[in-house]
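Features as listed in TrEMBL:
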type: DOMAIN; residues: 95-169; note: domain 'PA'
type: SIGNAL; residues: 1-31; note: signal peptide
type: TRANSMEM; residues: 197-218; note: transmembrane segment
type: TRANSMEM; residues: 251-272; note: transmembrane segment
type: TRANSMEM; residues: 278-301; note: transmembrane segment
type: TRANSMEM; residues: 322-340; note: transmembrane segment
type: TRANSMEM; residues: 346-366; note: transmembrane segment
type: TRANSMEM; residues: 373-396; note: transmembrane segment
type: TRANSMEM; residues: 428-452; note: transmembrane segment
type: TRANSMEM; residues: 464-487; note: transmembrane segment
type: TRANSMEM; residues: 493-511; note: transmembrane segment
Amino acid sequence: MAASATTTTTTLRLFAHLHVFLFFFLSFAAAADNSASKTPACRNITQRVLVKKWVDGSEAEALEGLSAQFGSFLPSQEDKALKLPAIFANPLNCCSSSSSKLSNSIALSMRGDCDFTVKAEVAQSGGASGLLVINDAEDINSAMSCYGNDTSLNVTIPVVMIAKSSGEVIKKLFEAGRKVELLLYSPDSPLVDLSEFFLWMMAVGTIILASIWSEFIACEQNNDPYNQLIPKDSSNGGTADSEREIFDINVMGAVIFVITASTFLLLLYYFLSSWFVWVLIVLFCIGGIEGMHTFIVTLIFRICRNCGRKSVNLPILGETSILSIAILPFCVALAIFWAANQHASYAWIFQDALGICLMITVLQVARLPNIKVASVLLCCAFVYDIFWVFVSPYFFGESVMIAVARGDSRSGESIPMLLKFPRVFDPWGGYSMIGFGDILFPGLLVSFTFRYDRSNKKGIVNGYFLWSTIGYGIGLLITYLGLYLMNGNGQPALLYLVPCTLGTVVVLSLCRGELGHLWNYGSSSSESSGAV
């Protein structure tokens, strides 16, 4: 009976965390369309444009746009750009001479009915100093190009496209009789932003904390620190590992996981919608609640061993700590607050807190038993990441990974399985981000090296934990370098992280003559009650 109860609890735990592993692969990156021009007169490379806005003299929220492949370039500094009144062309399509006075203004027109070049020439002939084209959709990544064989195009004003929703905001201001002024410029992003340093610290810190958690934080606890609200087996018939519900990932499980992740990624790509994203948000909240609950309760018990030892007997749950029950509503409230305010400027703090607690818990539940399984899992993840970022455009017309990472553009909802930090010095704002998979996959290996070092009584220098952690930190820095060299286009982070972590351990163990021991470590005697 004890073995049966342990198996049931183990199955419940595996099911509770399965949704986390399905999202390891997710990471965010931005992609820009800098396609070549279609005629010799269209040689401009498209630029991201910042549209600053003033309403009745008061500065309002800025908009973003994309420049055309023709027309003049915009300055990169705000003080070199002109603030001009905005005027809608009449007719709105700007396909024929406007009855509105466009002189010394930025003309606004709707997309459609004629070529972009025609709109630009009409606005320029009317004396406009720039043209803002309002798209008929939210996506503005499609470049405004020239069509036909006209090589005599002579557009000397900047032409910029903005999203449909941005145009509607300006339209409503005009309908309300407000005066709108605009300033167009294309600022450069800083080569390095402080946000990336903090994100690097969070990622490396999460892996280190997860690795040492069981040994130094959750040690010397008689109760199960991994889930205070799961029914306990009173007979205590299992081993220490079974009580902690730890799962060793095997070779077959590693391969099946990558196949499952690929299937799930394709489902997201073809069927991604607002409701689908909200399903993932709910799953993230459930995992985040469990992770934060475990994190807080474990820390309290570690700081004060006699705190919260009182328990009550609850239906289904059985004997449960009062402290555990008291902490749960706080975790639930925080997750609900984040979900309701996830678009607020401060929401990233709560998302990161939930995400870090979730990843620490997952790295306690799942583990790699040896380097053989680590090599299979990380090499499969390595190929997986490269294929869905770099190779998938040849089959699907775009990067499947990046398309999924953008989320649902119609509702503005995005998949929350990532850590992010607001960019500090970037005039574009936005966030630096890293997906959970880029932390969890290498984190499984780093956690294994820590356990191996402790079991074999290895020191910091002659062990593997320190070097695998340094390898992860260097790999993450190389990932950022790759983003800069590729002009911010999406990069498969595991392309750099896997060689820097797994490669470090393999090469170091070869030099020490210990690869054979690491490769088959733990195979003679199972250290876990279950396998994934």
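Using N, Cα and C of the backbone, Cβ positions are placed for all residues, glycine too.
Packing against the transmembrane segment (373-396) from elsewhere in the chain are residues 24-25, 29, 248-251, 254-255, 257-258, 261-262, 265, 269, 402, 437, 441-442, 444-445, 448, 490-495, 498, 501-502, 505-506: each is 6 or more residues past its ends and has a CB under 8 Å from a CB in it. Across the range of the domain 'PA' (95-169), the DSSP-based residue counts are 16 helix, 14 strand, 45 coil. Using the rule of three or more Cβ pairs under 8 Å, pairs at least 6 apart in sequence, the transmembrane segment (278-301) is not in contact with the transmembrane segment (464-487). Tertiary proximity for the transmembrane segment (428-452) is limited to same-chain residues at least six positions away from its ends with a CB under 8 Å from its CB atoms, namely 20-21, 23-28, 48, 50, 64, 187, 189, 193, 195-196, 199, 203, 206-208, 210-212, 215, 249, 348, 355, 358-359, 362-363, 366-371, 374, 377-378, 381, 385, 405, 417-422, 458, 463-465, 467-469, 472, 475-476, 479, 493-494, 497-498, 501-502, 505, 518, 521.
The predicted model assigns the domain 'PA' (95-169) a mean pLDDT of 82.
Sequence-distant neighbours of the transmembrane segment (197-218) (same chain, 6+ residues past either end, Cβ-Cβ under 8 Å): 225, 244, 298-299, 302, 352, 356, 359-360, 363-364, 419-421, 432-434, 438-439, 442-443, 446-447, 449-450, 454, 465, 469, 472-473, 476-477, 480.
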